[in-house]
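Beneath this line is the structure, given in structure tokens, with notes to follow.
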Amino acid sequence: MELTQSNNHIEIISIAVAVAAVGVAAGIYFYTSNKKKGSLDPENFKEFKLVEKKQLSHNVAKFKFALPTPTSVLGLPIGQHISCRGKDSVGDEVIKPYTPTTLDSDIGYFELVIKMYPQGRMSHHFREMKVGDYMSVKGPKGRFSYKPGQVRAFGMLAGGSGITPMFQVARAILENPTDKTKVYLIYANVTYEDILLKDELDTMAQNYPDRFKIYYVLNQPPESWNGGVGFVSKDMIKDQLPPPASDIQILRCGPPPMNKAMAAHIDDLGYTKEMQFQF
């Protein structure tokens, strides 16, 4: 009887050890699988194949590039960007920074939403790209660094294609269930048709109503418009973004004239230099 109990005891311990070992192995796998090596090289350009090109409007398209394997990640820290290299209309080399709209949770590919300007040198390269072509990319680059919970809230000021780093940061925050940071975004454009990623932004506002607020501003609004009109003003910033505090940060990205005007506005409203970051 005692021998049987002893054997049973040993068997239970063996099972417990085995279960623990499986748990540890699973934990190690989960940790390592979420720490995959990125596909970028900060010193050298690498080639990525265009696998899909989707026209979103007359001058905006979404470009989807394949990573080396279906389980590869780009390896781009939140809020940083990549350098893309191409050729302009006369064949000269041009390099320009872009922020992908995808995150490392999107495995096997990355996407760029590009607004192509008539006289833009890199715009020409993107206009000419066809599925199967390759883009030369180097990175990551950028001064922005983010860790979940480092601030209570972000206030964001974006203009035109300056929405892409804001979208990337906001998405990373909102899709992280442990990150309680709130995001308040003012997004300015000339016309309604110029608004990039509107469906995605509206979906985020709908899915995270307590954590994400967006206020659109248009220079030339349609007749039935309930957003802001004209240029982004100090009153708009005061009404839509969190007030100055040590645990908030104001991010801005847009055309140079807008960046200059916004810098003056947020200085006047009492945001210190430590509370500000320009992409």
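From the backbone N, Cα and C atoms, a Cβ is placed for every residue, glycine too.
Counting only same-chain residues at least 6 apart in sequence, those with a Cβ under 8 Å from the Cβ of K115 (FAD binding site) are N59, V60, S123, G160, S161, L196. Per TrEMBL, FAD binding site is recorded for P97, Y98, V113, K115, M122, S123, T164.
The domain 'FAD-binding FR-type' annotation in TrEMBL covers 43-147.
As annotated by TrEMBL, transmembrane segment applies to 12-31.
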Pairwise over P97, Y98, V113, K115, M122, S123, T164, annotated as binding FAD, what's the top Cα to Cα distance to the nearest Å?
17
Which residues does M122 (FAD binding site) neighbour through Cβ under 8 Å, counting only same-chain ones at least six apart?
C84, G86, D88, V94, I95, K96
Within the predicted model, mean pLDDT of the domain 'FAD-binding FR-type' (43-147):
96
Which same-chain residues, if any, lie at least 6 apart from P97 (FAD binding site) yet have Cβ under 8 Å of it:
H81, I82, S83, C84, K141
